[in-house]
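Asker: Encoded as C-alpha cells, here's the structure I'll be asking about.
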Amino acid sequence: MSQSWPAADIARMILDGFDDYREHFRQITDGARQRFEQAQWQQAQKASAARINLYEEKVGETVARLHQAFSTESLMDVSQWPLVKSAYISLIDLRFDDELSETWYNSIFCGLFSHDLISDGCMFIHTTRPSLRRARAAQTRSYKPQGELATMLEQVFADYRFSEDYADLPGDLRRLEAQLRENLPDWVCKDPELTLELFSSVLYRNKGAYLVGRIFTHEEQWPLVIPLLHREGRGIQIDALITDEADVSIIFSFTRSYFMVDVPVPAEFIGFLKRILPGKHIAELYTSIGFYKHGKSEFYRALINHLASTDDRFIMAPGVRGMVMSVFTLPGFNTVFKIIKDRFSPSKNVDRATVIEKYRLVKSVDRVGRMADTQEFADFRFPLSKFDPACLEELLEVAPSTVAVEGQTVLIRHCWTERRMTPLNLYLEHANEAQVREALEDYGLAIKQLAAANIFPGDMLLKNFGVTRHGRVVFYDYDEICFLTEANFRHIPAPRTPEDEMASEPWYSIGPHDVFPEEFPPFLFADAGQRKLFDQLHGELYNADYWKGLQEAIRAGKVIDVFPYRRQGLEDE
C-alpha cells in the first residue's frame, strides 16, 4: 500500500464532520432546558424534528467535503480504506463519545460506497471499543437520607433548580415523601444504607422534564423517575414519582419521542440506564436519547450475533397479510422486518415513494407513545439457510424487486424494522371479557392521542394496531397516515329522495381527503359485541364534529398533554 495515500487526512476530515454534527446536536439539546423553563412547546417540537434530521444533513455535508478535497482515484480506492479505519481508531481512542464516532464513520463509508463493499476491514461492523471503560468523572448525584427522607428530598430539589420557581415546593415534597413511602417497603425507608442516585443532567421531552435514577440498598434496587411539569403562570410542579420497572420502561419506550439530555459520556449514561432497566437492549436506550443511528448499529450487531449463535430462521409474521407491506420475523428476536410489495391491493391509492415518505414522517413527529419507532435499512444480506423456504418463496413472489437470492445469500435491498407486537385483531380473538374491554379502551385512546398530536392513522383497522408486552395498544402501519389537519371530516349528507336512501353507491361527491366518521363502526368491527362496546367507550369518534374540534385546537397552536406515566398520588385534586 502506498504511504502517500491520504488515509490520515481522510480520517481527520471524517472526524471533523462528526465534531460538527456533535456540536450542532449539543446546541439543540442544550436548548431544551430554556424551552422547558419558558414553556416554548411548539419550539420544542421543531427542535426535536431538527435534531432528528441533523444526522443525515451532516453526513451529506461531510461526504461532499471529502469529494471536494480528494481525487476520486484516491477517495474511492476501497482497498486502501483499512488504512483510513486504522488512522481513525487512533484519533478516537481518547474520546468520551468514541462508540458514536464509529457509527458516524460507518455512515460516511456507506455514503461513499455501495453496500456490497461493506466489510469489517473497512468499517466498524464490530466495535473496537472496550466493554469496560476507564473511570471518568461521576455523572450522578448521590443522597443518603439516614432516616430523614424529607431532608434528603429538600436537598435533591435544592440541587435541581430552574429559572422558573417551583409552584409549591413544600407541598410537592410532602406528597413526594408520602408517595415514596407508599411505593417502597417500610424496611427500605428505614434502612441506614438507603441511597438515592440521580443522573446529574435533567432529561427533557415534549412538555416534561425528568429526574432519572435509582434507589438502592445493599440487597435491592428500584428505578426512580420524577417527572416535572411547567404549569404556565404557576411555575414548576413535581408531577409524579415512579419506582415500578415496567412503568419506567414505558417512559423509555420505542413508541416515544427521543429525550433531550446532556450526556458527556454516552456509554456511561447508557450503562446507568441499563442498570435500572435491565430488560432494555442498549440499542433501544441509545435511541431513546436521540442517538438513533448508533441504536441502529447496536441493533444490527445484536441481529447478526443472534443469527450466528442460534438456529432461528426467518418466517412470515403472524396476522393478516398486508396490502402494501410484507412482514417477516425471527421467532427468537423481538423484531419484525417490513418490505414494500411490488404491487399493492387495488384499494390502496398509494405508490412506493409515498409509502417511504409516510414511514420517514413517523421518525420526525411526536409519536405520543402510540406509534412504533422504525429503523430503515438498505442492502441487508442474510444466509440463505436462515430463511424458512415458505417465507422466502412468499417474499420473492410479492417483492422480487426488493428480495433476491445471490448464491447462498438473500439480499433485502430495502426494509424497515419495528418492535414485534401481537396484532390487536389476534389479541382480541383470544382475550377474555375484561381484556377485550381494556384493549378497546386503549385502542380508542390511541386514536384520540394520535389525533390530538395531529396524526390521523387513515386505515384504523384492528390489524394495523398491536399490543405491547405492557398491554398498550400501538399503531404500526403507516402507509395511509396524514396530518389530521389535512383530512376533511364530513357528516354524511341526508338523502334527498327515497332513491338516494336506497342507492348502493353514495349519491354525494367524495373528495380525496374526505373522511366520514359515521362509517367507522361497520368498517372497524365485524364483531357486533365489540362494535357496541367501542361505541360506549369512544362513541365520539363517530362524530365529525369531534374531529373538527381537534383540528381547530391544533390550528390554534395548542400542544396537548400526553403523559407516559400514570398521574396519581402527587397532584392535589
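Using N, Cα and C of the backbone, Cβ positions are placed for all residues, glycine too.
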Asker: Besides Ala317, Pro318, Gly319, Val320, Arg321, Gly322, Met323, which of Lys296, Lys338 does Swiss-Prot list for that ATP site?
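Answerer: Among Lys296, Lys338, only Lys338 appears alongside Ala317, Pro318, Gly319, Val320, Arg321, Gly322, Met323 as ATP-binding in Swiss-Prot.
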Asker: Could you measure between Gly322 (ATP binding site) and Asp373 (active site) for me? Cα positions, answer in whole angstrom.
Answerer: 19
Asker: A 10 Å Cβ contact count, applied to the binding-site residues Ala317, Val320, Met323: which residue has the minimum?
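Answerer: Per-residue Cβ counts within 10 Å for the binding-site residues Ala317, Val320, Met323 bottom out at Val320.
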Asker: Have a look around Pro318 (ATP binding site) and count the other CB atoms within 10 A of its CB, chains all included.
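Answerer: Other Cβ atoms found within 10 Å: 11.
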Asker: I'd like the Cβ neighbour count for Gly322 (ATP binding site), meaning other Cβ atoms within 10 Å of its Cβ, all protein chains included.
Answerer: 21
Asker: State the count of C-beta atoms found within 10 angstroms of the C-beta of Gly319 (ATP binding site), not counting that atom itself.
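Answerer: That number is 17.
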Asker: Drop a 10 Å sphere on every Cβ of the recorded positions Arg321, Lys338, Asp373 and tell me which sphere holds the fewest other Cβ atoms.
Answerer: Arg321
Asker: Translate the DSSP assignment of Lys338 (ATP binding site) into the three-state scheme.
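Answerer: Looking at the DSSP assignment, Lys338 (ATP binding site) belongs to a strand.
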Asker: Whole-number Å distance between the CA of Asp373 (active site) and the CA of Lys338 (ATP binding site)?
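Answerer: Roughly 13 Å, rounded to the nearest whole number.
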